[in-house]
Amino acid sequence: MSSNNNNKHFFTDTTTLVRDSLQGLIYANPHLALDSQQKVVFIKDLATRRTNHVTLLCGGGSGHEPSHSGFVGQGMLTAAVCGHVFASPTSSQVLSCLRRIYSEEKGSLVVIKNYTGDVLNFGRAVERFKSERVHQGKSMPKVAMVIVGDDVGVINPNDDEEGGVGRRGLAGTVLAYKLAGARAANGDSLEQVKKTIEYVASHTFTIGCALNAASVPGQGMPRSLKENEIEVGMGIHNEPGFEKKTLEPADKLIDSLVDHIVQSHPFAKASPSGKANVVILVNNLGAVSNLEMGLVTKLAVEAAASRGLKAVRVLSGTYMTGLAMPGISLSVLILPDNPSEQQELVALLDQPAHCPGWINHAHHVVDAGNTDESAKGPAQSYTPASDPTWERVIETAYNNVVEQEPEVTRLDQLMGDGDCGQVLLSGATAIFEASKDKTLPLNDPSAALARISSIVEDAMGGTSGIIYCLFLDGLSQQLHQILKDGQEKSLTARVWGKAMLGALDTLYQYTTARPGHRTLIDALQPFSKTLAETGDVKAALEAADKGAKATAAMKPKRGRAVYVGQNDGLADAGAVGLVSVLTGISEALQK
């Protein structure tokens, strides 16, 4: 393989590049439609798909084409949501797509790669969709989400530790799209489709390598390898790999990649004997010639066979890229030992799929006039109302955040990217202004929290913003259920604490952060637990403050602080910021 140091790109305006590219995809594929505002690609025959099939939704950052929009079509995905280049779409984008494609009869399945932004934003969209349905008086929707993490390049093959955030999602995710899509096309149930995709997610293993990082339109090359270097484990967003080494002959390189897969603990767990029938997917990361791809495919199949892995099916092509990254990835899917189950899975893989990104690039034309705009569904609406207690709480919390912002910023500048204080202040300011403008439904706690959650998303952004949003979404749902079921006659402090613990359970579905990981959870969890047990707001605040201060002695395990290392006795900025909010709330309630 040869390196590619090209920093030149075709673009008119980087801010419109993604939308322009998606529009080009639609022009070339008349079976697809585009919601340009939300950057959602979907099939045009939605009415038929929603009635007779489980609908499949995926997405992520742009720059990985044909993933994900290129796999929308009959036999694979119903829709794909696209973020900016290398950035997750927002939960509002995903929610708009869920409203559009949801199948009342069969249900819907969300499939994503294991990246923090994707997990949080898609997870929040699922929770918002559930909340909407509940507030509209409808039954809880049949929506499931599966996260695919097939990368074994983030772990040492001799170490069982996968890291706090787990394995990243790579090209093996496309196999999940294909097999789940085929089963959905056959009319199978949500449970059957989910079971298939969960099998693929737990039995697919991928490793990549690159001759250089990818140049990003408008930004150029973030870093560059030496002419004779290769990086093993480089991610599809230019994340550093686990090893840089001198470029060696292709046969030795590919053999070492297959060996890394086979020697990894996840592979050993899935195939204790080390011998199995497999599907091999050889993926072009964007800028490798077809000539070289043929060589890599040959070497991968032969290296696998030498280790007792028989390739029942071999796929080679461009499935998931890192823009024009000069590299490849190898994915191995272990097929079931049971002959009938193996035959069924292979048949699903062989079943035709009519979408531009699949290997045969089939184009299936349907009724171009059926865009089904009505499928978007109604957005949740609220009736504004005043409440002096709520307004006092919001104002006091805002004032306290204003006072504490410099300290939160200082802590984050030393251990993070320095924006935690300003991001928190942006959220608090937006909520305070909405309260002053009398636009919040403060007579309905559940509705108020849902509305505040949406305001927070628009104002804050980033990982901390989406964590607040997911917690508020869960809290809104918990309070709604408590009041609806008549579990409590009034929302006492204990009831709020109980609801907050339930909201934490919702948050825990989408983040691996837990107490002791040096995050805002170290303040949020003790506050919620103490409030639920005692009903004492002051005691709960003391527990939160103690938890935040304890982060000064913790080793960072989540967020950007992980890359800094030791924290030098500094408390976590997110936890300190949350305590400033809780302090304002406590002070307001004691007036």
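Cβ atoms are placed via backbone N, Cα and C, with glycine included.
Straight from TrEMBL, the features:
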- His237: active site, tele-hemiaminal-histidine intermediate (ACT_SITE)
- Gly61, Ser62, Gly63, His64, Lys113, Asp118: substrate binding site (BINDING)
- 13-358: domain 'DhaK' (DOMAIN)
- 388-587: domain 'DhaL' (DOMAIN)
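The Cβ neighbour count for Lys113 (substrate binding site), using a 10 Å radius over every protein chain in view, is 30. Confidence for the domain 'DhaK' (13-358), expressed as mean pLDDT, is 93. For the substrate site, whose annotated binding residues are Gly61, Ser62, Gly63, His64, Lys113, Asp118, the maximal Cα to Cα separation is 15 Å. Among the binding-site residues Gly63, His64, Lys113, Asp118, the ones whose Cα sits within 10 Å of the Cα of His237 (active site, tele-hemiaminal-histidine intermediate) are Gly63, His64. With all protein chains in the displayed structure included, the most crowded Cβ environment within 10 Å among the recorded positions His64, His237 is that of His64. When Cβ neighbours within 10 Å are tallied across all protein chains shown, the highest count among the binding-site residues Gly61, Gly63 belongs to Gly63.
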